[in-house]
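Reviewing the structure listed below.
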Amino acid sequence: MGTACGGTVDNRPSNDSGDFDNEAVDDEAFDDEAFDDPELAPQGIDAAVDVTADVADLELVVDAGIGRGDRLDRYLAARLPDLSRARLQKLIEQGQVRVNGVPCTSKKAEVQGGDRLTVSIPPSEPMTLQAEAIPLNILFEDAHLIIVNKPVGLVVHPAPGHTTGTLVNALLAHCPDLAGIGGVQRPGIVHRLDKDTSGALAIAKTDQAHQRLQAQFKTKTARRTYLAVVYGAPKADAGTVDAPIGRHPVDRKKMAIVPEDRGGRRAVTHWQVVERLGNYTLMQFDLETGRTHQIRVHSAHLGHPVVGDPVYSGGKSVGVNLPGQALHAWKLRLYHPISEKEIEAIAPPPDSFATLLRVLRQRFV
């Protein structure tokens, strides 16, 4: 372990660019499997541990086969994905983390196979959510369900340090009875979109609707279709990407194709070409699973990253000012949680998406 715990300190410069922020871990659309595991453990680290508000002390044992020691904060961040790395580092600095019974205050200390780690978590202060009169583009609404067309730039739900200006704040103003349905911090939310991804998003308005909608996403009876403009021209007209996705081994702001035996989780995306635009392509993506950044990672894996993606496109420019990546949740098909009637909600793409297509058609068509 490091100097604060005995042994040596890992003084290598960190390649981490910080924690996933709230929206960096949001899925294009997630099922329950993706929801409970936003950060995936790298090779050598065993299963993630669920953290609830009622937990006081967490006991962890480092896998004996871990090999070369990992930094304490990195290891804990992988094992405890419900806690941000910044919070874990603060707990370490406060002496709330013990290694083999001894308090450790060095985040750079190395863990070794067989080490017993104890993390004491003080009770967190409840987050108070405020209703805000933010306009909503409503595609469907009744007493049980609301489907909105989320704009680019709007965070779905609050998080510590970002408690206002979110879709949830807007929903609480529109539906005051939503508070508490499905959880205090994510009332009514059953799937998510990245901050800079626009499109159709379903929200439950009652507990019964919430449970039934969650079940649809878990059993994959809810179907999600996206439109995206990507770089390049795929040789085929359609295909399927079946490649597991996990946290990038170096850059914590990214996800990557990661083998399942190294913590990746199965991810399947079906795609087809809608329109060829010279060196760009309008594509349709249908999600079979819902992993963090799934479409963005899989399209980059194909060699055709989403235009404007700040994380996976390598900084390529298309010459059009885009407020976010050119990825839009175009169609959401599900069964009404009470009547069981099939609903198909189609969300018109934002003006920026339409402008991009118009410019590309002028160039190449």
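Just so you know, glycine gets a Cβ as well, placed from its N, Cα and C.
Note that TrEMBL annotation is computational and uncurated.
Listed in TrEMBL for this protein:
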- 1-29: region 'Disordered' (REGION)
- 18-29: compositional bias 'Acidic residues' (COMPBIAS)
- 70-134: domain 'RNA-binding S4' (DOMAIN)
- Asp194: active site (ACT_SITE)
Query: Across the domain 'RNA-binding S4' (70-134), what does the pLDDT come to on average, as a whole number?
result: 85
- request: Take the domain 'RNA-binding S4' (70-134) and count its residues per DSSP category (helix H/G/I, strand E/B, coil), listing them in that order.
  value: 17 helix, 15 strand, 33 coil
